[in-house]
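J.: Summarising the annotation, TrEMBL assigns domain 'Major facilitator superfamily (MFS) profile' to 1-390. Residues or ranges marked as transmembrane segment in TrEMBL: 32-52, 64-83, 123-141, 153-175, 249-268, 280-300, 312-333, 345-367.
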Amino acid sequence: MMFGYDAGVLAGVQNTEPFLHAIGHPERHSTIIIPMVASSYTLGAWVMSMMISFIGSPMGRRNCILYGNILVICGGALQASSFSVAQIIVGRVLCGFGIGFISSTVPTYMAEMSTKANDHGPAVCFQLAVTVSGVAFSGWVDFAFTRMTNQVSWRFPIAFQTFLAVFSATGMVFLPDTPRWYYVKGRVEEGDGVLSARHGLPLDDLHVQAQRRDIFEAIEIENSQKPFSLVTLIWDNTELQAGRRLRTAFMILFLQQLMGINLLIYYSTIIFSQVGLSPFLSSLLAAVMNTLFAMGTWFTPWTIERGGRRGIMFWTAIMLSIFMLVFVVMINLGHKKNLATQWTAVASVVVYIFFFGYGWVGIAWLYGPEVSDPRHSIKIHPARFIGGSI
């Protein structure tokens, strides 16, 4: 939820008078300052995602998530106390670093802690549904507080992300790393303890022993392969096809973000105002839109095993194309101030974001881990996030 909240919280406050006054009304000098503030968060996440490829395995899954939360706490506190553009950008970048740590590591952690293969898909989709619910939650918090005219109207919504990070970090303190990571590092006894606890069965249970054997066999096979290099991205004729898997994971999230979802989340109030709606109604509809976005994601965990990954993405992509076309046509007719065109544009973008939530959130993040081999998973997950960030 914290990831979604961090991504969406600035959208509702970035055009309010108390926020602009606090950071010195930068929009009066340049139109690119506010977009720079918003995008600095993504930039920080992108940089850290690249670094995770090198530091993720030595640090471990648990520590990456824990340190990511600590960075979000620091960044959130810095943003909430901001009195300048520079300060809030530094805070956004720190939060981006933290989210880069977390988002690049959590899928690996969940995959390696799953007890059954068919539990992984719904679990990841459930995680993304909670994440997008954070976007919706931030929209309603913004809507409630931006009715005020004092500094609390934007400082509290931004500060609230630190509470989510504290809650998450506290939980990770009491959780272990994954059995696979312990085995790779030679800490076999710790890995055995986590594997046994994960199943709720003694170590000598046949099912636990079978999975333990599978993990060691996979590690042995992966270690026998050639080391991963940049050349592998272009030409890889090994049995594992690691380069092709990485490129696939990269392109899925690259195409996901190319569909314009961040534009709708970050600038929803501006888009609705350009259609001709009042500031109050634009803010309200932005919160409603984000709620429907979250609702769409909650259908995915229950249908993904029946509908399949590829099938759901394919058919929802067709629906997204249709409704985005309708929205673009209607918004270009908005100068006529016709109620029919205004509300058709609103309806099309609302339906668009619902279908996007259903077909291109959880599954897009799930596809990469499922096609990757475990040895390179700590590289493939950052590659996916980098693809989305670009």
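A Cβ is built for glycine as well, from the same backbone N, Cα and C atoms used for every other residue.
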J.: Mind pulling out the one from 64-83, 153-175, 280-300, 345-367 with the most Cβ pairs under 8 angstroms to the transmembrane segment (123-141)?
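T.: Comparing 64-83, 153-175, 280-300, 345-367 against the transmembrane segment (123-141), the winner is 280-300.
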J.: Which one, 32-52, 153-175, 249-268, has the most C-beta pairs under 8 Å toward the transmembrane segment (280-300)?
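T.: The listed stretch sharing the most Cβ pairs with the transmembrane segment (280-300) is 249-268.
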